[in-house]
Ligand code: MLT
């Protein structure tokens, strides 16, 4: 008789956004007359920019002709895209990352989940608390997290780094040395950031203790303040300790198109073995490359037109963020984030738990957000709203909340 990977059975409940989806659908079915505004999952709402649509059309036409048709993509990504990424995201910022250190994929979520495969099963992970659930859940599936304490909502073999108001939602170096450190800045879910010198401390620490930082920079395009690093490779020594995950979902609206990439510098080694070689082996074995059409669309993100149009798109969402931030502040809420990230992190009022506030907002204002506790125990009593809605819906949602 076959056996299952029973690590899956250790996972409590369903994936956070599936749980929310089910709750909202049930409410909508019972209340068909209500206009529900969804500011829960961080999914974009603006259409793809014209430069991207043009590139998609052009690539589709190429696929229609025998002379320009493309079959399997190179498994690590087309050179034209890897070069555009290296030039624009790294070289232009003074960072030394070569095109062949970039692995193109169908999105940062898959990479964030899969990257743990190249590490030993007994490596210890450290995560921010609250945290994007993918980092922890995929390590649970791999059997790396020990026993779950359902009362405290923590795993015995995970190092949690609380990110709370007292430390400005920035993790402190852990007392116990981890092997893998997951960091995400600008942060999901709190919308906070750290400065370049704070990130440098993490890089120095990782190099000192022999840990790898898995740095998720999916929200990089939303950085508006000076001194906030756009990539971990702005820090000295990051080439020997950091992997960076990047996405086209939030900067270019590719949540339904699917494109991302992972950077693994060749200096990142365990003894003589480069992590680059392991990830290349894994990619080659398990993946046939992101579609040509989509990689051409990705290339258009770096065109002059693409850059200008996407700057406007990001500004559109950040205008929503400002509206939420200012609106809720004026209504007496304690709010943060929303300046370098499209997420606003607020304290549930009147001592409510995160889920109590979720139900309250859904029922009384027909507004959907994400309960902070879904991201980890230190998220309890907090709540996340996204700026990715339309401006009209954002205004209406905030006005409804203010009227409560
Ligand atoms: C979120 O809402 O946290 C994001 O949509 C997650 C993701 O990008 O997968």
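Quick reminder: no glycine exception, Cβ is built from N, Cα and C everywhere.
Positions annotated as substrate binding site by TrEMBL: 15, 42, 109, 132, 188, 288, 384. The domain 'Aminotransferase class I/classII large' annotation in TrEMBL covers 35-401. What TrEMBL records for 72, 108, 109, 132, 188, 219, 247, 248, 249, 258, 288 is pyridoxal 5'-phosphate binding site. Residues or ranges marked as N6-(pyridoxal phosphate)lysine in TrEMBL: 250.
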Pyridoxal 5'-phosphate site span - longest C-alpha distance across 72, 108, 109, 132, 188, 219, 247, 248, 249, 258, 288, in Å: 34
Per DSSP, three-state class assigned to residue 72 (pyridoxal 5'-phosphate binding site): coil
Where the C-beta lies under 6 angstroms from ligand 1, the matching recorded positions among 15, 72, 188, 247, 250, 288: 188
Overall pLDDT for the domain 'Aminotransferase class I/classII large' (35-401), taken as the rounded mean: 97
Neighbour count (Cβ, 10 Å) for residue 247 (pyridoxal 5'-phosphate binding site): 25
All-chain count of other Cβ atoms within 10 Å of residue 132 (substrate binding site): 23
72, 247, 250 filtered to the recorded positions whose C-alpha is within 10 Å of residue 109 (substrate binding site): 247
Coarse DSSP state, helix versus strand versus coil, of residue 247 (pyridoxal 5'-phosphate binding site): strand
Fewest other Cβ within 10 angstroms of its own Cβ, chosen from the recorded positions 109, 250, 384: 109
Residue 132 (substrate binding site) as reference: those recorded positions from 72, 247, 249, 250 with C-alpha within 10 Å of it: none
From 42, 188, 288, the binding-site residues whose CA lies within 10 Å of that of residue 72 (pyridoxal 5'-phosphate binding site): 288
Nearest recorded site to residue 249 (pyridoxal 5'-phosphate binding site) by CA-CA distance, among binding-site residues 15, 42, 188, 288, 384: 42
Cβ neighbours of residue 42 (substrate binding site) where a neighbour is any other Cβ within 10 Å: 22
Nearest-integer angstrom distance between the alpha carbons (Cα) of residue 188 (substrate binding site) and the residue listed as 'N6-(pyridoxal phosphate)lysine': 12
Rounded Cα-Cα span from residue 15 (substrate binding site) to the residue listed as 'N6-(pyridoxal phosphate)lysine', Å: 20
